[in-house]
Each structure stands twice: as C-alpha cells, then as structure tokens.
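Beneath this line is the structure, given in structure tokens, with notes to follow.
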Amino acid sequence: MAGCCAALAAFLFEYDTPRIVLIRSRKVGLMNRAVQVLILAYVIGWVFVWEKGYQEMDSVVSSVTTKAKGVTVTNTSTLGFRVWDVADYVIPAQEENSLFIMTNMITTVNQTQGLCPELPDKTTVCKSDANCAAGSSGTHSNGIATGRCVLFNETVKTCEVAAWCPVEDDTHVPEPAFLKAAENFTLLVKNNIWYPKFNFSKRNILPNVTTTYLKSCIYDAITDPFCPIFRLGKIVENAGHSFQDMAIEGGIMGIQINWDCNLDRTASLCLPRYSFRRLDTRDVDHNVSPGYNFRFAKYYSDPTGAEHRTLIKAYGIRFDIIVFGKATVLCDVIVLYCMKKRYYYREKKYKYVEDYEQVGHLLTSCRQEGPSTLPPPPLFCASGEHLGRWAIWGETRVQSWHSLDMWSPQAAAHCSLPSSSAPFLDHLY
C-alpha cells in the first residue's frame, strides 16, 4: 500500500524534463548532417520534383465517338461485282470506345434449313449408319446428327446432320485479305475529356481546327500530330505491324490518347498525345486461335416464302480507343498563402455563412427589449482579407446582413438606430 501511495505521489508531484547532450565530434556531426541532407534530397528530389507532391491531381473522365470512311470494290465468283461502303464493313454500327472493321470473310450463300452431310473430320467420317449416333452434336458440329451415313463427295462419306445447309467450310482463310483496300480507310476519333475536381473540359478537335482542315488532314506524328483522322494502315504500321498480314485473320489495335495536363499553365497547352500498339498477343511459336473473328447472317425469303440466309464469318481489326491522363494544379497551401493573388483565391474557394442563431438572438432582443438595450451604433469596415463588409455590434461580428430575411430598414427604425446607419442598412437589405 505504501508503495502505491509513493508511486502516486511521484506521478502527481514530480516533473521531469529531457536533458540535451551536445557532442563535440566531427564524425558524429558529419554523420548527422549527412542524414539531414539525404532527407532533404528525398523531399526535394523525389516528393517535389519527381512525384510533384506540391500539386493536386485529378483523373480524367472521357467519352469517345468514332466514324469510319472509305469505299472499295470486289469481284468474286461467289458474290460477283460488289461495292463495299461503311454500312457493309463496320459491324456493328456503333460500339463503346471501339470500332470493328471487317477486312476478310468466308461466305456461305443460300443456306436453308434441311438435311445435309457434315464436314469431314475424324469424328464425322463414316462407313455405315452404325458409325453415326442419332441426336448427337459435338462442340464443333454444324447441326444435329440424324444417324445416317451419306456421301459428302464421290469418295468420302460423313454423318448426316439437320442444319443450315450447305454447312460452312472455313478450312481455308482467303489470302490476301478480301478487303485488303481497307488499309486506306480512315477513322475519325472524337474525344471529350473532363477533370471534375478542377471543372476543366476539352476535346481533341482543338479550337484552331477548321472544317476545311478537318476534311483534308491525316494524322502524322510530325506534320499533323493533332489531326483526329487516322489512316488504318498507318495505325498498324505505327504499332510495328503489317496491315495486310493482320487483315487476313484479324486482331485488336489500341489507339491511346494521353491527356496529361498541367493546369497551372494556359489551357491551350493541354493537348492530346496519340500512340498505337497491338493489343492481342501475336506469338509465332504459340499461335493457337490467332486473330479476331465472329459470325453473323443476313436473312431473306424467296418468292415461295422459304427462308434463306447468307452466313458470313467475318475477320477484321477492332480498334479500341483508350483514354488516360491526369491533371495537376498547385496545391492549396501555395495558392492560398504564397501567391500574390492569395486573397482573391481565398474569396473564391471559401463561402462564408452567418451564424443565424447568434444574429437572430441579437435582433429578437432588440425588438423585445426596445431602444434602452440597444448596442452602440454600428461601425462599418471593409476587410481586405476576405473582401467582405462587416457590421460590428460590441463584441458581435456579423458578415453579410443582407442574407438575413429578418433584417430590414423597418427593423432599424423599430430599434431606433442612428439615422447615419440607414443608407448602409438599405444597401444591405
């Protein structure tokens, strides 16, 4: 018990203070200064210069629309003479932040619902009906097996299927690409960006771009770096690939738009920077299921009402528009306290709100108790710091009386305020 009382007394009635020892040593002193220099170099070099820690940052919000243009012609035994325009090779017409251009295709025309032999492979070749299981359908089958073994050609038999006949044969992809002229098609990219924190917006069609210029320019990194119209072949070339090779089996290209902006400078210096890369991996040694393709069909009916379709396996290049960037401005500490216009920036940043309870109590007391309790006449001043007018009532400080519905020139008359204050009160009301 005595030990506890002694400890409590020591805690309550004793005071300790740290002792500072000054070591007079060149070695220790130099080590101390070296550590301080390293810390200072880290703060200045890394935090401020490299990471720009003195700036406030925001990420970009973006929207993208695209429009392709170009016309070409083909003449084949399957489709005959045909002109291809945007409505034929852009599938679908609109996508979010991307665009697909068909460059190659396998067509199977005049398909109808019926019975026909399956394509020959190790699972469909047969010698008799015993080799075909009725009702079966494999992952790569074109239909449902009927259980019959029928002639595919003069020498080969395959299992019969109920399907869209004749079935598609995609064994050989056309070379060169069916729409090899797509290399010269153009793509207009319209990009709008917004930095919500700084309420800054801009688009990649710059203010100095005219309609005449937009109709004639093609993007070039040196001569026309801000033209938003791109030649498809040039996009693939800038990514280090051949358009004609890529057009055969398709692929995915990325058009990258970088909006890194320093908003402390003029808005005209916030400009888009374009770069290009192929997004689907193309490895020669591991080239399983290469490229990009999908199927779609066009349906129609003959004069008898029978339904037909043309099946198209489309190969092409999908262009993905990828927008990224960040905006930076000087942080509040520098803007609000170090710059010449700090008072102006403070006025714009902060909104001052009156204490309604305090002001309301003051005015209510004035009305109820009458002129005998009226505070001294008001003194008026302009605060250079906040650029606002103030009314001083004894120790009560109120800003912007005009925002109070309870105050009026009639209230001033009721409270018997000096006539010299009436013009000011009228102005505030």
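The chain as shown is numbered from 1 upward.
Even glycines carry a Cβ here, placed using N, Cα and C.
As given in TrEMBL:
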TRANSMEM  30-50  transmembrane segment
BINDING   Lys67, Ala68, Lys69, Thr186, Asn293, Phe294, Arg295, Lys313  ATP binding site
DISULFID  Cys116-Cys165  disulfide bond
DISULFID  Cys126-Cys149  disulfide bond
DISULFID  Cys132-Cys159  disulfide bond
CARBOHYD  Asn184  N-linked glycosylation site
DISULFID  Cys217-Cys227  disulfide bond
DISULFID  Cys261-Cys270  disulfide bond
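All features noted in TrEMBL, drawn onto the structure.
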{"residue": "Lys67", "record": "ATP binding site", "contacts (Cβ under 8 Å, 6+ apart)": "Leu187, Leu188, Lys190"}
{"residue": "Lys69", "record": "ATP binding site", "contacts (Cβ under 8 Å, 6+ apart)": "Val86, Phe185, Thr186, Leu187, Leu188"}
{"residue": "Cys116", "record": "disulfide bond", "contacts (Cβ under 8 Å, 6+ apart)": "Gly143, Glu160, Val161, Ala163, Cys165, Pro166, Val167"}
{"residue": "Cys159", "record": "disulfide bond", "contacts (Cβ under 8 Å, 6+ apart)": "Pro117, Glu118, Thr124, Cys126, Asn131, Cys132, Ala145, Thr146, Gly147, Arg148, Cys149, Val150"}
{"residue": "Asn184", "record": "N-linked glycosylation site", "contacts (Cβ under 8 Å, 6+ apart)": "Gly70, Arg231, Leu232, Gly233"}
{"residue": "Cys261", "record": "disulfide bond", "contacts (Cβ under 8 Å, 6+ apart)": "Tyr195, Phe200, Leu269, Cys270, Gly325, Lys326, Ala327, Thr328"}
{"residue": "Phe294", "record": "ATP binding site", "contacts (Cβ under 8 Å, 6+ apart)": "Lys313, Ala314"}
{"residue": "Arg295", "record": "ATP binding site", "contacts (Cβ under 8 Å, 6+ apart)": "Leu311, Ile312, Lys313, Ala314"}
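Cα of Cys217 (disulfide bond) to Cα of Asn293 (ATP binding site): a distance of 31 Å. Sequence-distant contacts of Cys227 (disulfide bond), defined as residues of its own chain at least six apart whose C-beta falls under 8 angstroms from its C-beta, comprise Tyr213, Leu214, Cys217, Ile218, Tyr219, Asp220.
Working note on the recorded positions Ala68, Cys126, Cys165, Cys217, Asn293: by count of other C-beta atoms within 10 Å of each C-beta, Cys126 ranks first. Counted within 10 Å of its Cβ, the other Cβ atoms near Thr186 (ATP binding site) come to 16, all protein chains included. Those residues noted as binding ATP (Lys67, Ala68, Lys69, Thr186, Asn293, Phe294, Arg295, Lys313) have their most widely separated CA atoms at a distance of 24 Å.
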